[in-house]
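These come from TrEMBL:
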- A:620-647: coiled coil (COILED)
- A:35-46: compositional bias 'Low complexity' (COMPBIAS)
- A:105-498: domain 'Cation/H+ exchanger transmembrane' (DOMAIN)
- A:596-680: domain 'Sodium/hydrogen exchanger regulatory region' (DOMAIN)
- A:27-50: region 'Disordered' (REGION)
- A:716-805: region 'Disordered' (REGION)
- A:1-24: signal peptide (SIGNAL)
- A:100-117: transmembrane segment (TRANSMEM)
- A:124-143: transmembrane segment (TRANSMEM)
- A:155-172: transmembrane segment (TRANSMEM)
- A:184-205: transmembrane segment (TRANSMEM)
- A:217-240: transmembrane segment (TRANSMEM)
- A:252-272: transmembrane segment (TRANSMEM)
- A:284-309: transmembrane segment (TRANSMEM)
- A:343-362: transmembrane segment (TRANSMEM)
- A:383-404: transmembrane segment (TRANSMEM)
- A:410-432: transmembrane segment (TRANSMEM)
- A:444-463: transmembrane segment (TRANSMEM)
- A:475-498: transmembrane segment (TRANSMEM)
Amino acid sequence: MGTAALRALPWALLLLGPLLPGQGLQANPMLASEPPQGQPAQLPGAEIGGFTPAPPASAQEIQPLNKQPANGSGEGHAKPRKAFPVLGIDYKHVRVPFEISLWILLACLMKLGFHVIPSVSNIVPESCLLIVVGLLVGGLIKGVGEKPPILNSDVFFLFLLPPIILDAGYFLPLRQFTENLGTILIFAVVGTLWNAFFLGGLMYAVCQVGGPGLNHIGLLANLLFGSIISAVDPVAVLAVFEEIHINELLHILVFGESLLNDAVTVVLYHLFEEFATFEQVTIIDIILGFLSFFVVSLGGVFVGVIYGLIAAFTSRFTSHIRVIEPLFVFLYSYMAYLSAELFHLSGIMALIASGVVMRPYVEANISHKSHTTIKYFLKMWSSVSETLIFIFLGVSTVAGHHYWNWTFVISTLLFCLIARVLGVLVLTWFINKFRIVKLTPKDQFIIAYGGLRGAIAFSLCYLLDYRHFGMRDMFLTAIITVIFFTVFVQGMTIRPLVDLLAVKKKQETKRSINEEIHTQFLDHLLTGIEDICGHYGHHHWKDKLNRFNKKYVKKCLIAGERSKEPQLIAFYHKMEMKQAIELVESGGIGKIPSAVSTVSIQNINPKTLPVERILPALSKDKEEEIRKILRNNLQKTRQRLRSYNRHTLVADPYEEAWNQMLLRRQKARQLEQKMNNYLTVPAHKLDSPTMSRARIGSDPLAYEPKADSENLPIITIDPASPQSPESVDLMNEEPKGCGGLPPSPEEDEEGLVMRVKEPSSPGTDDVFTPGTGDSPSNQRMLRCLSDPGPRPEPEEGEPFIPKGQ
Amino acid sequence: MGSAHSVPAEMRELADRTGFTSEQIEHLHRRFKQLSRDQLTIRKENFDSIPDLEFNPIRGKIVHAFFDKRNLRQESDGLADEINFEDFLTIMSYFRPIEMNMDEEQLDRFRKEKLKFLFHMYDSDHDGKITLQEYRNVTYGPSCPVTTEFPAPALTRCLGPDQVYEGITFDDFLKMWQGIDIETKMHVRFLNMETIAHCY
């Protein structure tokens, strides 16, 4: 038998397991609890490309070989003359990681499958499809005769939930969140309390009249049930809302509510769980319960803040070991979560708090690459987690013990919906008295309709002790029904409803530097007016906090020079970088529709602005074509995001554009040749992007360098070295341009700082140098982003148009 | 208004003109008296007595805006030396929050007024146009290093391809702010004014 067969052996065994019944081989136990990966035909809609079963023909060959090593390794030295086990099977050894990996792989392949078949996923939200897949997988496992795994609550709370929450917390749009904090808190706290008690009370009433099966369920049990099921689930909300692209206000309201109600849920859950063991509930207990709410929520936040600060402080010193920077972020956040859970505080709030607190400081300290890494890892983990959660929900449904009681389940469903609607209506009426931007009935409808329940409710119920809660199975059944209903019915219909009601969608506006400046200006203005009025309002305290932050906190937590960098400048740098990337990937040939306008002030001569055409005139239609290409590419990516879209990190302005540009490289290449000629204009002359924009024509302005540019540092995106004008050639840049002008080591620390242009000096590179900024280091900026390392690695330098290929 | 304030007819007239309720006018009047130390008018120096204002990077501009005759709806131009309560109220009225019962036209007017106020803040030389220099002065304030090159924001995006850039006129300014809901953002809550500082 050839080596090929040998190599195929484990796979074949794996996949053909079900076909080799009763072999008595060691192989069998391995397949007992393994999800039937090897039956691709039976999993509809999925393309499990990686698991093509080995041709059955080889099974015959394999069996004899199989017997030998199995017997050989099993019996060891008992046999006098055993053959040396060329190949052994020891499944137990790797079983757990193996199965985990298989599950995760299944989840990923599912995701892949859904996107390859777009038609289905347009109608049905992904969460529904995943649950269906879970149901099928569970059914299959059951069909094989094995016991399908149930979503273990520990696994859920400790491993599956934190990535999602951290992702949400780290990228929380803070401005909207704090602006609407009052509303969110009211919905989260009062709304959840109302839901819990209303539902619990009503269910108790139902139980009393519901017949013999239900009479024994006490008030406490019902209240506990109510509190479990009343909480809006962040995972489900995220999964559904991010597909419908609703406007930011509604998104943050529902999502914020789902996050913050965790504190209430935790308190109520533990409260009622404890009370169920008591003989009698006294007033003291109730008061203690009330107090514990504050302890749980504020304690959770406190823990999160502490860890966030520590993380920020740590990141200050990581300039020499950039590689592990992301790990610090993840670990500290996870520790915050675990520490909070340790004390029965709200882990979710701790996680959110730590993410929010650490983010501004960490972002200022870490390198660009670490930032990208953090972003990608968070998105990746949360994406996988979410998929796994839904699949497991499906599997657990099949696997769990159910007890179906029509009255209970139907009334639960009904009252859930009623409670939600009533709660939202009443609370909105109350809240609108204090809001400037009132919530319209349409908004209210979406908020009510978006109250999805999810896996948290399921897991919490699963944790219930059978001894105290004999009716746990019935609860489980009811909860699963509600979850299915909300996810399927509400999840599927919310998108057409949003369209029908013409709810305002997320604006695809570009968050330009313009807006940022204006927002800041307005903040200062309003703070000033408030001070003049003597009114200590919203802006006043925000301003005080900012000042405190700037004066003390930033100094501690941000390394080096960057603590002094005004926020606006930092923002500007970010924008500039994005712009540079966009420009570079287009080969420097295009007019970039001025989403982020980088007209340099110095270059706008207030009086006259000659439009110079230095470029050899391109034919009109070629120009048009380029412009169209760029517009198409870039428009897609310029989004005022801030939704947690996991499919396509759309916040990144250049991801999609990059990919698309790869495809369009040929078209652009010819142009690029011509461009190369003029891009050899020495860097001090002007920002080449702006020049090029002027050239292509219908740019509002062309820019002319001012003579006195010594004092004004220029951010030039021109990657060509100032001394040796060369064509744009980023991929092979490394030996010449990039290697040419990195700033000296201490500049590394400064990060994004504007400096007067200084003569370049050759120096060593560091792959993780965060340096960006003025002209000597703009190549590094580009290099950082393209990450060529000491040598240009082709796959990463790919997007840049190679020279003369 | 002076010490014999709250003549009802005057109040009502003020209320009509500026849109504040009489309660709010009372509060603001109290504040005015504090600032002016019981005088009839306020001068620029009176604003120095507000401690929190010290930290504000655009303090000068804000104070200046109070004395800007264009904001005071007077026909003339230039700066007033002192303003009375009526003028104070007029300036404050720019920061009223929108009300539910406003119709489209009113909202539009409201918005324009607020933006005009902002425009006047930028346009320090009163020539009806904002040049880049003025823009830069306002947005950076004294805290940013002068030598930074900063992008002139998408002002220029409003201009057509052949337009020569001489300065931003009010119409351009309007266009710039189109995407931003100024009417919901630019307001101060005059509802609860009980938290008036008494520390002078």
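Note: Cβ is positioned from N, Cα and C throughout, glycine not excepted.
Keep in mind that this is a model prediction, so the values were computed, not measured.
If you look at the transmembrane segment (A:184-205), the same-chain residues 6 or more away from its ends with a CB under 8 A from one of its CBs are 177, 217-219, 222-227, 229-232, 252-253, 256-261, 263-265, 268, 408, 411-412, 415-416, 419-420, 422-424, 426-427, 430-431, 447. Looking at the coiled coil (A:620-647) alone, the prediction's average pLDDT is 53. When Cβ distances are compared across the two stretches, the transmembrane segment (A:343-362) makes contact with the transmembrane segment (A:252-272), since 3 or more pairs at least 6 residues apart fall below 8 angstroms.
Contact between the transmembrane segment (A:383-404) and the transmembrane segment (A:100-117) is supported: at least 3 Cβ pairs lie under 8 Å, counting only residues 6 or more apart in sequence.
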